[in-house]
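> Please see the structure below; I have some questions.
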């Protein structure tokens with residue numbers, strides 16, 4: 001009974017927020033400033049063909065390519081830093097420095113370099129997502145129990161066996177944690193990139209609706225972007241429960 005109530009708590013809190021939002025929007029009475037949730041849903045339905053068949057696929061492509069590149073870059077960088085201390089001393093500060101630069105300032109530069117092609121938006125997405133993947137994977141490699149490593153060597157394991165039988169399983173929880181953080185950031189990166197320079201995508205569509213003072217139209221793609229982030233986060237969490245069942249029990 002207690003678990004059922006705990007599972008219900010987030011839903012009740014969300015519904016309470018929606019009721020407060022609906023009442024506040026009706027009291028203000030200016031949809032172009034603060035549309036109500038019902039108005040946003042109705043506008044999403046009205047614009048569904050354009051949103052779901054033109055702009056959503058464009059945004060999903062940016063998110064998918066950006067995440068894939070971030071995973072590859074993150075794993076390669078974390079392995080290089082783990083295997084070579086000089087690389088770690090040289091690269092790690094640059095990783096941290098890359099996160100101190102506002103993405104909103106770099107996005108126009110990417111548009112200047114890559115134009116309105118998909119790659120300017122992918123660059124923004126990679127900039128936001130590769131850091132948590134790299135750092136978490138590297139920390140996972142560093143936290144591998146050295147006693148287990150010595151035990152593997154004592155039992156005659158090769159370096160290849162050591163990597164796949166020890167380092168990969170011990171690093172997987174940290175990698176998945178980084179990926180879980182990166183997925184919502186990928187949605188943000190795609191939206192920011194589209195907002196600043198694109199001719200299609202949910203971020204672009206939201207900006208276009210803003211120029212028309214269409215409040216519900218501005219929020220409609222934001223609503224879809226939020227759902228994408230939540231679904232992506234939940235999918236990685238589900239993958240964690242499948243690959244790491246002991247963590248779910250804990």
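Just so you know, glycine gets a Cβ as well, placed from its N, Cα and C.
Below are the features I grabbed from Swiss-Prot:
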- 56-237: domain 'ABC transmembrane type-1' (DOMAIN)
- 5-25: transmembrane segment (TRANSMEM)
- 62-82: transmembrane segment (TRANSMEM)
- 94-114: transmembrane segment (TRANSMEM)
- 115-135: transmembrane segment (TRANSMEM)
- 172-192: transmembrane segment (TRANSMEM)
- 216-236: transmembrane segment (TRANSMEM)
> Where else in the chain does the transmembrane segment (94-114) make close Cβ contacts, counting only residues six or more beyond its ends and a cut-off under 8 Å?
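Here the qualifying positions are 77, 120-121, 123-124, 127-128, 131, 134-135, 189, 192-193, 196-197.
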> Under a Cβ pair cut-off of under 8 Å, which of the recorded stretches 5-25, 115-135, 216-236 contacts the transmembrane segment (172-192) most often?
115-135
> Same chain only, please: residues at least 6 beyond the ends of the transmembrane segment (216-236) with a C-beta under 8 Å from a C-beta of the stretch. Say none if there are none.
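Result: 31, 35, 39-44, 47, 51, 55-56, 59-60, 63, 176, 179-180, 183-184, 186-188, 191, 202-203, 205-206, 209-210.
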